Structures are given as structure tokens and as C-alpha cells.
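Heads up: the structure comes next, in C-alpha cells.
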Amino acid sequence: MMTTEHFAALSFVARMGTRKKVHAFVRVKPTDNFPHEMIRYGDDNKSIDILLKKDTRRGVVNNQQTDWSFKLDGVLHDASQDLVYETVAKDVVSQALDGYNGTIMCYGQTGAGKTYTMTGATENYKHRGILPRALQQVFRMIEERTTHAITVRVSYLEIYNESLFDLLSTLPYVGPSATPMTIVENPQGVFIKGLSVHLTSQEEDAFSLLFEGETNRVIASHTMNKNSSRSHCIFTIYVESHSRTLSDEKYITSKINLVDLAGSERLGKTGSEGRVLKEATYINKSLSFLEQAIIALGDQKRDHIPFRQCKLTHALKDSLGGNCNMVLVTNIYGEAAQLEETLSSLRFASRMKLVTTEPAINEKYDAERMVKNLEKELALLKQELAIHDSLANRTLVNYDPMDEVQIAEINSQVRRYLEGTLDEIDIINLRQIQEVFNQFRVVLSQQEQEIESALRRKYTLIDKNDFAAISAVQKAGLADVNGHLVGEPDGQGFGLGVIPFSFKPGKKIKSKKTFKDQLSIPVRKEGASSPLSTKELDISPSKTQLILPPRDGDVKDMRDRETSSTEPFPSDSPKEELRPPRPSTPPSKPVAFEDFKNERGSEINRIFKENKSILNERRKRASETTQRINAIKQEIDTTKEALNVQKALREKQGEYENKGLMIIDEEEFLLILKLKDLKKQYRAEYQDLRDLRAEIQYCQHLVDQCRHRLLTEFDIWYNESFFIPEDLQVALKSGCSIRPGMVPINRVVSLGEDDQDKFSQLQQTMLPEGPESVSFYNAKVKTEQKHNYLKAITGLQQVNKK
Ligand code: ADP
Ligand code: MG
């Protein structure tokens with residue numbers, strides 16, 4: 001057993017595009033005294049005329065229309081159950097197995113034969129109605145249709161006084177529902193939540209269920225004091241048909257609703273009161289709602305159908321009109337006394353005939369089969385690929401998703417390709433190509449980040465929207481009035497606090513410092529301990545070769561060489577030997593500096609001068625290039641303007657077009673060429689400028705380094721030459737690599753005295769212990785000296801900081 005809600009699946013309705021009218025039949029209940037003068041059938045057996053004598057029912061139909069003619073799809077008079085089934089139901093049931101929903105309804109006043117038509121006389125096989133016959137037909141067709149696995153389920157619902165009853169809930173394995181049933185709508189359609197739906201594998205089971213339901217219908221009417229003629233009963237057969245060909249993932253579903261409506265007689269006639277009145281009201285209400293829905297369905301202009309006004313229409317929402325095959329059987333009495341109700345029933349039938357439906361197959365997709373089929377296809381395609389590969393002599397290409405190792409390998413390939421160490425990346429398959437692109441993106445974004453953080457480490461970045469910063473840059477002469485950085489006329493690139501290289505003539509170095517301070521770039525304290533201004537170090541440029549100054553790491557080597565060697569300086573600084581005797585009063589620092597540059601500092605000074613001249617030369621070139629760029633930019637602007645004038649002129653004079661080609665005169669053409677050329681020049685110059693800037697930056701760094709070195713060396717030399725006593729220098733040099741000139745004079749002097757004192761003290765106290773104690777003392781002195789040296793260095797650093 002399962003409930004209708006289990007029928008959710010991928011589904012759609014295959015529209016056939018053919019509209020169809022509802023088939024409406026009239027079945028006349030046999031009678032001994034058929035009023036031939038009042039009810040007449042047409043020769044085609046489809047029309048029925050009702051004729052009333054004016055005086056037949058005086059006061060009621062007086063002065064009203066007395067003749068009615070109804071054209072239906074068939075009149076079933078004295079028709080056997082067999083014939084009724086053939087005429088009414090056979091096609092609907094047959095099409096249900098092809099996926100079309102079907103609805104057959106019996107309408108009419110109580111006793112007119114609705115139940116007889118729908119269920120039939122259960123005690124007589126020959127008189128069985130549509131229900132058992134439909135079940136029989138379904139099972140017979142299933143047997144014939146060996147290509148399909150078809151399942152059948154049934155449910156039996158009764159609607160009484162707007163309450164829903166499951167007529168099959170008494171079955172031992174169902175039990176009464178704990179929660180009341182509700183009508184639920186979902187994309188698949190309407191279903192009754194809580195209504196039991198029973199799988200029936202054979203005809204006999206289906207019959208048992210039908211009888212069970214019929215019995216319950218009768219019992220319920222007694223025990224619950226129901227008037228069975230006031231209830232609607234809906235027997236539903238659910239069909240689901242899967243192809244036995246497993247590759248077919250489509251399957252179809254359909255349902256046949258067999259509806260035995262409540263009696264349609266009107267309230268006035270029975271004169272019911274109390275409970276009966278309430279029932280009658282309900283019946284009339286739900287049947288009149290059904291009628292309203294039918295009228296709305298028959299009206300092509302109506303797009304809203306009031307299905308939800310009562311349980312009956314709501315439960316039948318997807319079974320009325322829509323994509324269903326719909327049949328109405330109107331049961332009437334063939335008796336004069338019932339003519340009024342007969343008329344009303346026939347009116348309902350003719351209204352029903354106006355309803356059009358668009359029967360369509362309910363196709364669904366079996367997700368599980370779909371997956372299986374796709375898996376099969378995938379396997380097949382992989383085999384196919386393998387064959388292609390082997391035919392193309394490609395060995396064992398793997399088409400599976402890549403693992404981390406493979407992705408890492410592609411990443412490395414991409415990196416090598418970008419570095420230029422890998423010439424090309426072989427194409428293997430689509431997945432690999434996609435991964436290569438993906439890794440390009442990964443590498444690119446990493447590099448962007450690296451570049452940015454490198455720039456941030458080196459420069460202060462200015463937000464181009466930060467006007468305060470821009471104006472600071474302008475003040476420093478680095479940006480033009482438009483906020484463009486000089487040398488960056490296209491506004492591209494980073495807004496950088498670049499090392500200035502294009503000072504306006506006359507700008508002093510002071511302004512550079514101001515600029516640097518504003519941008520909070522740490523400025524090297526060049527020449528801080530020297531009385532000389534940087535300007536005095538400027539030397540006329542001439543050379544082009546870049547020379548690396550001794551780097552900080554190299555300094556120690558130089559010192560070692562200088563200090564550990566007692567030999568004269570190598571031939572590249574021969575002046576060391578010729579050092580004049582120390583004067584009694586030291587010369588002023590500027591004078592001494594000139595001497596230093598010619599003597600000990602000559603080599604560093606030479607390097608410094610050369611670098612400086614290269615720097616100046618590059619700066620000059622950069623400035624020239626910037627000027628050229630600006631000139632080109634100006635020319636671009638004027639050319640553009642001229643072009644616009646030409647264009648405007650052309651537009652004014654009317655354009656010529658030839659086969660979609662614009663015709664322009666020679667002048668305009670030349671301007672276009674010129675513009676193109678200018679842009680090319682512009683780009684080339686701009687590239688040059690960028691290269692120059694990089695060079696300038698590097699040179700500046702070298703110059704700064706040289707200057708620092710020159711000044712430091714000068715200070716050391718100055719101290720050594722004029723202040724530190726020569727014997728002290730020798731003493732200090734002997735133990736370690738200390739250079740006396742590096743130590744501040746006062747420290748050196750006191751250090752010397754301290755050391756001497758200590759040494760003599762040690763000699764006095766320790767030496768008597770014997771000559772073997774010498775190494776001990778030596779070690780002791782060395783340690784002391786080292787300790788003092790470290791202290792001196794720290795002191796020196798503090799002095800430099802100040
Ligand atoms: P309804 O369901 O419309 O109230 P029923 O189907 O119960 O009417 O019919 C009332 C009675 O008339 C039943 O006893 C039924 O057997 C009988 N009857 C109805 N239609 C026919 C018919 N076409 N042939 C023979 N008996 C009929
Ligand atoms: Mg009935």
C-alpha cells in the first residue's frame with residue numbers, strides 16, 4: 001500500500017496540441033411508460049428533444065419555453081451495460097494506458113441510474129458497470145502489452161458533507177487515518193493526502209477492492225446515518241507504465257477517475273428539513289460549484305477556474321478539462337413526472353459539451369534509469385576515446401578528473417612556461433587544457449599579490465582619489481595639475497611615491513626631503529655625522545658604466561684586509577704610504593675631506609663619482625623622455641581634434657558608403673595614420689621611461705650607499721689620522737679586528753687607559769704565579785678587549801643615531 005504522495009517524479013505533460021470536446025452522453029433509465037410525446041430522439045441518436053404541453057404543469061412552466069432540443073454525443077436508450085461501456089468508457093481506458101488521464105462522471109437525479117451505470121449490479125456479472133469493466137480492460141491490455149511493465153493502483157474516495165472518507169480504509173493493513181485527509185496540490189497534480197492507494201497486481205485483487213469499497217459505502221450510510229444518494233464517490237485507477245527496454249528512461253503515468261456524483265435533484269422538490277436540508281444544501285452547493293467550474297472551463301476567455309470552492313471540484317481539479325479525456329453520462333428517468341429534473345440534467349450535459357480539453361501524455365523520467373544510462377554511455381565513450389587514442393598513437397591518455405599531484409604538476413608547467421624555461425605545454429585533453437587555464441589564473445593572481453606587497457614594502461602607495469595626497473605630490477613637483485604623475489601620462493599603473501627623477505630645474509634637494517617626509521618614506525641619514533652637505537659631493541658626470549660600491553657585507557673583508565695587514569696598502573691606493581706626518585693641530589673637516597678623497601678615500605670617491613654621473617645622466621634622459629612624452633601627448637590631442645573636425649565635416653557633407661565600407665578623404669586618412677604612429681611612439685617612449693625609472697632607482701641606491709661609505713670611511717680616517725695616538729692604534733689592532741677610528745675619540749682614549757691600567761694591574765698580581773700563566777692573561781686581555789670593543793660599537797651606534 002502506498003499513498004498518492006509517493007508519485008513525485010520528474011514529469012512533464014507532452015502536449016499534443018489537439019483540442020477535444022468533452023463527450024456527453026445521456027442514458028435513459030428503462031421504463032414501462034415512456035412518454036413518447038414528450039421525449040423524442042433524433043435519427044442520428046445524438047439529439048434529444050423535450051416537448052411540454054403548456055398546461056402540463058400550470059403555473060410553473062407557463063409562458064415559458066416549451067420545447068428544448070439538446071445535441072449530445074449519444075443517446076443511450078435501452079442500452080445494455082455492455083454497450084454503455086463500449087460507447088462511453090472503452091476509449092478513455094485504452095488511452096489511459098498510453099498516458100492520458102481520463103475522467104468519466106455520472107450525473108443525474110437520485111434513482112436515475114448513476115450507480116447502476118458506474119458500478120452496476122454487483123450480484124449480476126452481466127449487469128456489472130463501468131468500474132469492473134474498466135479494471136478488466138486495464139488488466140487485459142497489460143497482458144497484451146508485453147513490452148511494458150505496467151502497475152495498477154486504486155483508491156476509492158467518498159465526499160459527504162464536505163468531508164473526505166477513504167472507502168478502502170477498512171482494509172486490515174490500512175486502518176483509520178489518524179489525521180483527516182486533505183487535498184494537496186503539487187506540480188505533479190492534485191492528490192488526497194491520507195487516502196490509501198492500493199497496488200493491484202491482478203484483476204481479482206482489483207475486484208476485491210471495489211467490492212470492499214462498495215460494501216463500506218453501504219455500511220457507512222447505515223452506521224453513520226448517511227444518505228448515500230447525497231455523496232460523491234470517486235474511484236481512481238492509477239496506471240504507471242515503464243518500458244521493459246531498460247535504456248528507455250521515459251515512463252508514463254495516468255489516472256482514470258470514475259465519478260458517481262450525488263443526486264442532482266433540487267432542494268425544493270424533496271422539501272427536506274433539518275439534517276436532510278443541510279445535506280441537500282451541500283449537494284446543491286457542490287454540484288453548483290461543479291457547474292460553475294464547468295461553465296468556466298467552457299469559456300475560452302476565462303483563465304481562472306474556481307476549483308477550490310468545494311472538495312469535489314478541488315479533488316477533481318486535474319481531472320476536469322485540462323489534459324484529460326472527459327466523458328459525462330447524464331442519467332435521466334424516461335418518465336413524464338421527472339421531466340423537470342431531466343431538463344435540468346440535460347442542460348448540465350449540454351454545458352459540459354462546451355468544455356474543451358487538450359489530452360496529453362504524462363511523461364516522466366526515471367532518474368535512476370537515467371543515471372544508469374548516462375553511466376553506460378560514459379563508459380562507452382571512454383572506450384571510444386581509448387580506441388581513438390590508440391589509432392592516433394597517443395599512449396594511455398587519462399580522462400579521469402585530476403588529482404592534487406596532477407594539478408600541482410600543471411601549476412609547475414605553467415610557472416616554467418611563464419619563466420621561459422618551458423617552451424610549450426603539450427595539449428593532452430580538454431580537462432588538462434581547462435586546468436592549464438585555471439592554473440594560469442592561479443599563478444597570475446599570486447604574482448599580482450606578490451608585486452603589490454613588494455611595492456608596498458618599498459613605497460607608499462597613493463590612492464588616486466585621495467586628493468590630499470595628490471596635492472602633496474603636486475607640491476613636491478611630482479605630479480602635474482591634473483593629478484597625473486609626471487612620466488605616467490596615461491594614468492596607468494600605480495600611484496607611487498616614486499623616487500624623484502624629474503625635478504624641475506632649480507628645485508633643491510630640500511624639497512625632495514620634504515616630499516619624502518610627507519610620504520613617510522624612511523630617509524637615510526646621509527652624512528649625518530659629517531659637516532659636509534651632500535651637495536659638496538657632487539662631481540661632474542662623464543662615465544656611463546655602472547659601478548657597484550662595496551656592499552655592507554663586503555665591508556668587513558675590506559677592514560680585515562686593511563687592519564690585519566701591516567703591509568702598505570696595495571698599489572691601487574699608493575698614497576697611503578706617502579701619508580704626511582701628523583700635524584699638531586688637526587685640519588678642518590672640509591679640508592681634511594678633500595685630502596681624504598685624494599688619499600685613502602680615492603677609490604670609493606671614484607666609484608661614488610661615477611655612479612653619481614650615471615645617475616645624473618639617467619635623470620637627464622628621463623626628463624627628456626618625459627618632455628618628449630608630453631609633446632607626443634600634445635600632438636596626439638591636436639591630431640585627435642583635427643580628426644574630429646574632419647569627421648564632423650564628413651558627417652555634415654553626408655557620408656559615402658560603399659558595400660559597407662566608409663569612404664574618407666585623404667586628409668582624414670593621413671590623420672588617422674599619424675595618430676596611429678603617434679600612439680606607437682608614445683608607447684615606445686613610455687616603455688623607455690619606465691626602464692629609465694628602474695635604472696634611476698637602482699643608481700640612486702648605489703649613490704646613497706657610496707656616499708654613506710665615503711663619509712663613514714672619512715670619519716674613521718679623520719679620527720685615526722688626527723686624534724687616536726698611534727701606539728694606542730697598534731694596541732687596539734693587535735687583539736682583534738677593531739678599527740680604532742670607528743670608536744668615538746673619548747671612548748678610545750679612556751678605553752686605552754683603562755686597558756693599560758688593567759693590563760699592568762694583571763701583570764703585577766698574576767705574573768708572579770709563573771710563565772705558564774701568560775696564555776691565561778692573554779686570553780683574559782683578549783676577552784676584555786673584545787668586551788670593550790662591543791661596548792664601543794654600541795656607543796658608536798648610539799652616537800650615529802643621534
Ligand atoms: P442512482 O445511483 O442514480 O441514485 P441507481 O443506479 O441506484 O440510481 O438506480 C436506482 C435503481 O434503478 C436501482 O435499483 C437500479 O438497479 C435500477 N436501474 C437504474 N438504471 C437501470 C438500468 N439502465 N437498467 C436496469 N435497472 C436500472
Ligand atoms: Mg447512486
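One-based numbering along the chain as shown.
Glycine too: its Cβ is placed from the backbone N, Cα and C atoms.
Here TrEMBL flags 21-355 as domain 'Kinesin motor'.
Sequence-distant contacts (6 or more apart, same chain, Cβ under 8 Å) of Thr110 (ATP binding site) comprise Ser229, Gly263, Glu265. According to DSSP, Thr110 (ATP binding site) sits in a coil region rather than a helix or strand. Marked as ATP binding site by TrEMBL: Gly108, Gln109, Thr110, Gly111, Ala112, Gly113, Lys114, Thr115.
Taken from TrEMBL, the feature coiled coil covers 364-391 (among others).
The annotation region 'Disordered' is assigned in TrEMBL to 525-596.
Look at TrEMBL and you will find 551-564 tagged as compositional bias 'Basic and acidic residues'.
What TrEMBL records for 615-642 (among others) is coiled coil.
Every protein chain considered, the tally of other Cβ atoms within 10 Å of the Cβ of Gly111 (ATP binding site) stands at 15. Under 6 Å, Cβ to nearest atom of ligand 2: this is the test, and of the binding-site residues Gly108, Lys114, Thr115 it is passed by Lys114, Thr115. For the ATP site, the Cβ centre of Gly108, Gln109, Thr110, Gly111, Ala112, Gly113, Lys114, Thr115 serves as reference, and the other residues of the chain with Cβ at most 8 Å from it are Lys29, Cys106, Tyr116, Ser229, Gly263, Asn331, Tyr333. Sequence-distant contacts of Ala112 (ATP binding site), defined as residues of its own chain at least six apart whose C-beta falls under 8 angstroms from its C-beta, comprise Lys29, Gly263, Asn331, Ile332, Tyr333, Gln338, Glu341, Ser345. Comparing the binding-site residues Gly108, Gly113 on other C-beta atoms within 10 angstroms of each C-beta gives the minimum for Gly113. Here the binding-site residues are Gln109, Lys114, Thr115, and the one ringed by the most other CB atoms within 10 angstroms is Lys114.
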